[in-house]
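Written out below as structure tokens is the structure these notes cover.
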Amino acid sequence: LPRRWADNFSAAGCGGTAEHSFQHPFLQAVGMFLGEFSCLWVFYLLMWRDRRRAEPSMAPSQPFNSLLFLPPALCDMTGTSIMYVALNMTSASSFQMLRGSVIIFTGLLSVAFLGRRLELSQWLGILVTIVGLVVVGLADLNSSHDQKHKLSEVITGDLLIIMAQVIVAIQMVLEEKFVYKHDVHPLQAVGTEGFFGFIILALLLVPMYYIPAGGFSGNPRQTLEDALDAFCQVGHRPLIALALLGNISSIAFFNFAGISVTKEISATTRMVLDSLRTLVIWAVSLALGWESFHGLQILGFAVLLLGAALYNGLHRPLLACLPRREEESGVAAEREALLRGESTAINSD
């Protein structure tokens, strides 16, 4: 939501350029990595406070090579940058829903590179997710005529989001294969990846300032990214700084809160919370007039939710309850028959 809010602003740029939209996806991606990097500060602060206690509760971190986080950080940087570009082309709700396609690519890559065997329910979850993506895509095609984006932009944005999920899935596979076997605190892991992403992408802003991008660019110089233009726009519209700060803070809080409660909640609760996040983004976007209501999005969201539930095995508790209910109904019927005198006595002879 803060990212979409920033994208909706218009302000004059540097050198007296005319007022134009704030479209700086790579600069916003740098802000996201700054939010992740702040988790590293929180980690060291928690370690410092814990060491001052009489009985420290946090285990000392084991030595590891920080460069292990470089390949996942590069994937995170690439995938995030692509998604931020796509967010300028499509709606915030479709952006959030289409991110559910990561299930498909994570499942396939885990089979290919981690040697994992998927269960039948997980394959069904992948197929249902594909159907959900088609429905959401159709909803975007039907709604493109009453949005500020052209049909070609909406299609390109949706495809970019799905392509970015392939890179995110590669990141997850790399983390599981090379990083998770080391005993690294989650906050330290997120912060280290954020550090690499922040440094590398901040340095890349310099060549991006000179690389021509034509009509694909949203700045007056039509380069891949114009950070100076972004700062000039912030100077003319200080509210943009508030939106950028909200983006950084939300990323930091999201990672910190997610890591803090991971051990305390079940997979069902995590999925419900993630679904509520999508619903909140959709509801706020509708309330603020950022997008129009379309019934196909409800169907698409429901199908994607079903696919995620099947892939994560959330159907098992429901199936486990069925035999109990049948058994309980059988016991109840037998008890009722006994009370009515319909059962045959053992020594009836």
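Please read every residue number as a count from 1 along the shown chain.
Placement of Cβ uses the backbone N, Cα and C atoms for every residue, glycine included.
Model, not experiment: these values are computed from the prediction.
The transmembrane segment annotation in TrEMBL covers 26-46 (among others).
Residues or ranges marked as transmembrane segment by TrEMBL: 67-86 (among others). Long-range Cβ contacts of the transmembrane segment (67-86) within its own chain (Cβ-Cβ under 8 Å, at least 6 residues beyond either end) map to 3, 25-26, 28-29, 32-33, 95, 99, 156-158, 160-161, 163-165, 167-168, 170-171, 174-175, 178-179, 182, 189, 192-197, 200-201.
What TrEMBL records for 98-116 (among others) is transmembrane segment.
Taken from TrEMBL, the feature transmembrane segment applies to 123-142 (among others). For the transmembrane segment (123-142), same-chain residues at least 6 beyond its ends with a Cβ under 8 Å from one of its own Cβ atoms are 90-91, 94, 97-98, 100-101, 103-104, 107-108, 151, 154-155, 158, 162, 294, 296-297, 299-312.
Long-range contacts of the transmembrane segment (154-174) within the same chain: residues 71-72, 75-76, 78-80, 82-83, 85-90, 94-95, 98-99, 101-102, 104-106, 108-110, 113-114, 133, 136-137, 140-141, 144, 147, each at least 6 residues beyond the stretch ends and with a Cβ under 8 Å from a Cβ of the stretch. Look at TrEMBL and you will find 154-174 (among others) tagged as transmembrane segment.
Marked as transmembrane segment by TrEMBL: 194-211 (among others).
Residues or ranges marked as transmembrane segment by TrEMBL: 239-259 (among others).
Taken from TrEMBL, the feature transmembrane segment applies to 271-290 (among others).
Under 8 Å from some Cβ of the transmembrane segment (296-314) lie the Cβ atoms of residues 93-94, 97, 100, 103, 107, 119, 121-122, 124-133, 135-136, 138-139, 142, 267-268, 271, 275, 278-279, 282, all in the same chain and six or more residues away from its ends. The transmembrane segment annotation in TrEMBL covers 296-314 (among others).
Non-local neighbours of the transmembrane segment (194-211) in the same chain are 26-27, 29-30, 33-40, 69-70, 73-74, 76-77, 80-81, 223-228; each lies 6+ residues outside the stretch with a CB under 8 Å from one of its CB atoms. When Cβ-Cβ distances below 8 Å are used as the criterion, the transmembrane segment (26-46) is approached by residues 3, 6, 58, 76-77, 80-81, 84, 185, 187-188, 190-195, 197-198, 201-202, 204-205, 208, 224-225, 227, 230, 244, 247-252, 255-256, 259 of the same chain, each at least six residues removed from its ends.
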